[in-house]
Structures are given as C-alpha cells and as structure tokens.
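Asks: Can you read through this structure? Questions will come right after.
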Amino acid sequence: MTDFALSYGDHVTRARRDGRPVVALESTIISHGLPHPDNLRVAREIEQTVRDNGAVPATIGMIGGKIVVGLDDAQIEHLALAGDVAKLSVRDLAIAAARRADGATTVAATSAIAAAAGIGVFATGGLGGVHREANLTFDESADLTALARTPIVVVCAGVKSILDVGATLERLETLGVSVAGYATRRFPGFFITDGGFDVDWQLDSPEQVADFIRARRDQEVSDGALVLANPLPADEQLDPALHDRTLASGLAKLAEEGVTGKAVTPFLLAHFHSSTEGQSLAVNVRIILRNAALAARIAAAENAGTAVPVGFAVPA
Ligand code: PSU
Ligand code: MN
C-alpha cells in the first residue's frame with residue numbers, strides 16, 4: 001500500500017534536524033507561470049538566492065502522487081520541462097495523489113503543505129486573487145481562502161495587476177488575512193510598483209516580521225497568514241504604459257478564445273511574456289528573486305530567536 005504522507009528532500013531533513021531556517025517555494029510559477037526553458041534556470045536561481053541569504057530552500061511539488069517538501073534538482077527539472085504537469089490547488093492534492101500524478105503546487109497548496117510541515121515563511125511572485133469581472137464569473141483564486149486558515153508568512157509583490165486589486169484587498173480583509181507592506185504603505189501590483197491602494201500596516205525589517213510570527217504564535221488567536229507585500233523599486237518595474245496596453249490586449253484575447261478557470265492566470269502571464277518581448281519576464285524574475293531573498297532573511301531572523309533542538313548542533 002502506498003504511503004501518501006508528506007515526504008522530505010534530504011536537504012530539508014538535514015536542515016530541520018540541525019535547526020536551520022527553511023523557506024518554502026512553490027512550483028506552479030515554475031511549471032505554469034514562466035516560459036520554457038527560462039523556468040528551469042529561474043527555479044535554480046530562486047533556490048540559490050535563498051541559500052545566499054542564509055536559509056535552506058524547500059521547493060514543494062508532487063512527484064508520482066507523493067507530496068515532496070524539498071524537491072531535488074532532477075525533480076525540479078522534471079516539473080519545469082515535462083509538458084503534462086498538473087496545476088494543484090489544495091483541493092486537488094489527494095485526487096492527484098490517488099492518480100499518482102506529477103503536479104505543481106499553487107500558493108494555496110504550497111502554503112497549506114508548508115504549514116503542515118512546520119515551515120513558517122514562503123516566497124512567491126504574486127498571489128492569486130479576485131479576477132476582473134468576478135461578479136459575473138465568480139473567479140476568485142483559492143489562494144485567498146487557503147491563506148485565511150494557514151499560519152504562514154507569504155512574501156509576494158502583492159497580487160498580479162491582471163486581477164482586481166481593490167476587490168482582492170477587500171476579500172483579504174473579510175477573510176481575516178493579515179496584510180502589511182514591506183517598508184511601504186502602498187500595495188504593489190506585481191509588475192508595477194504601486195497597485196493603487198494603501199494598506200493599513202507596514203513592517204520594516206526581517207526582525208519585525210519575525211516578531212509578527214512570534215506574536216501570532218504566542219497569542220494563539222489567529223491562524224491566518226500574513227501577506228507581506230514587497231514592491232519592486234519604481235525604476236525596476238514594467239513600464240506602466242506598456243503594462244496597460246499588454247493587459248488590455250491580453251484580456252481581449254482571453255475573451256476571444258473563451259479561456260476560463262485555472263487556465264486564466266497562466267494564459268495572461270504567457271501573453272505578457274510573449275508580447276513584451278521578454279521585458280515582463282525579466283521583471284517577473286526580479287520580483288521572485290527579491291522575495292526569495294527577503295523570505296530567507298525573515299526565516300533566519302525568526303530562527304535566531306528560536307532554541308536549537310537539544311542534541312543538535314548548528315553547522316558553521
Ligand atoms: N504568481 C506569479 N506566477 C504564477 C502564479 C502566481 O507570478 O504562476 C500562480 C501561483 O501559483 C498562484 C496561481 O497560486 O498562479 C493562482 O492561480 P489561480 O488564479 O488559478 O488561483
Ligand atoms: Mn481562478
């Protein structure tokens with residue numbers, strides 16, 4: 001009989017044994033969010049950035065029906081380059097396991113798995129959220145409801161500007177998800193620095209975010225996530241005029257081709273990457289690497305205040 005319990009990559013098992021900080025990473029951005037073959041290179045760069053900033057990366061995905069916390073390089077390569085990788089939200093995990101599928105996990109699924117594995121910090125690009133015209137389509141990412149019940153810090157550049165940013169912020173409030181800007185009170189729009197909305201709170205350092213984690217744990221009141229919005233510096237964003245044009249043509253093409261459901265986000269991202277001739281891709285990669293670096297520094301700060309399990313030494 002198959003054991004469907006979470007499995008751990010060797011590097012993650014070692015890190016946990018030694019009490020070292022770990023950062024969770026998702027695999028949907030690799031398999032569905034970035035074009036081949038750049039996606040494999042970027043997946044490796046994300047992991048290296050986490051290491052360079054003092055933490056151990058745990059890229060999460062499903063291989064042959066097993067959830068793996070800490071995919072190895074060959075497994076990452078497989079999810080990046082195989083054509084038939086499923087996009088897995090939380091509700092898909094057990095079905096995909098029953099079918100012994102290979103799958104990439106979204107923000108929703110990655111957060112839930114990371115929290116179940118005892119990992120408190122997760123880096124991604126941008127969250128899913130409320131789609132434009134969701135009043136007609138009901139298309140709202142399961143990322144939002146998953147974060148409402150998952151105690152994790154998600155470092156992201158806000159929500160993709162392809163979504164309804166204001167409606168997404170309203171839903172995060174309703175759902176009880178904590179939201180703070182990193183060194184800013186403006187909520188970013190992923191490719192663009194300023195998504196057009198204020199947030200109520202700002203956190204200014206990895207240590208302050210680590211205190212959020214401790215406070216939530218000590219208070220034992222909320223099990224919700226913190227969305228930590230880390231904007232790109234304005235001089236690194238996608239040109240806002242180019243952004244608006246590309247978004248308009250992408251939304252028109254979406255309607256023309258009748259794309260719906262979980263294909264919407266990958267479709268729009270691919271449209272951006274092809275019609276900006278690599279500009280949006282470069283921006284997307286910058287976003288992810290900056291978030292990975294910050295997440296690693298938060299995990300390290302949180303870990304610095306946590307006793308190492310008795311009997312284990314932290315390697316030099
Ligand atoms: N952000 C990106 N690229 C992506 C995604 C987010 O920069 O590919 C993925 C994440 O995995 C997120 C998912 O959880 O898109 C949301 O998909 P949907 O809108 O179908 O819930
Ligand atoms: Mn959707």
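Glycine is treated like the rest: Cβ placed from N, Cα and C.
Remember, it's a predicted structure, so these values are computed and weren't measured experimentally.
Copied straight from TrEMBL:
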- Glu26: active site, proton donor (ACT_SITE)
- Lys87, Val107, Ser141, Ala142, Asp143: substrate binding site (BINDING)
- Asp139: Mn(2+) binding site (BINDING)
- Lys160: active site, nucleophile (ACT_SITE)
Asks: Tell me the Cβ contacts of Asp139 (Mn(2+) binding site) under 8 Å, same chain only and six or more apart in sequence, or just say none.
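Replies: Same-chain residues close to Asp139 (Mn(2+) binding site) (Cβ under 8 Å, separated by 6 or more) are Val130, His131, Glu133, Thr260, Gly261, Val264.
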Asks: Given the recorded positions Val107, Ser141, Ala142, Asp143, Lys160, which lie close to Glu26 (active site, proton donor), meaning Cα to Cα within 10 A?
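Replies: Hits: Val107.
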Asks: How big is the Cα-to-Cα gap, in Å, between Asp143 (substrate binding site) and the residue listed as 'active site, nucleophile'?
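Replies: Asp143 (substrate binding site) and the residue listed as 'active site, nucleophile' have their Cα atoms 13 Å apart.
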Asks: For the substrate site given as Lys87, Val107, Ser141, Ala142, Asp143, which other residues of the same chain have their Cβ within 8 Å of the site's Cβ centre?
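Replies: The surrounding set, listed in chain order, is Thr28, Ser89, Thr106, Ala108, Ala109, Leu127, Gly128, Ala146.
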Asks: At its widest, how many Å does the recorded substrate site span between Cα atoms of Lys87, Val107, Ser141, Ala142, Asp143?
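Replies: Spelled out: the longest distance between any two Cα atoms in Lys87, Val107, Ser141, Ala142, Asp143 is 13 Å.
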Asks: Among the recorded positions Glu26, Lys87, Asp139, Ser141, Asp143, which have a Cβ atom lying under 6 Å from any atom of ligand 1?
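Replies: The recorded positions passing the 6 Å Cβ test are Glu26, Ser141, Asp143.
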Asks: If you check the binding-site residues Val107, Ser141, Ala142, Asp143 one by one, which have a CB less than 6 Å away from any atom of ligand 2?
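Replies: Only Ser141 qualify.
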Asks: About how far apart, in whole Å, are the alpha carbons (Cα) of Val107 (substrate binding site) and the residue listed as 'active site, nucleophile'?
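Replies: Val107 (substrate binding site) to the residue listed as 'active site, nucleophile', Cα-Cα distance: 13 Å.
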Asks: Taking only the binding-site residues Lys87, Ser141, Ala142, which one has a CA atom nearest to the CA atom of Lys160 (active site, nucleophile)?
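Replies: In terms of Cα distance, Lys160 (active site, nucleophile) lies closest to Ser141.
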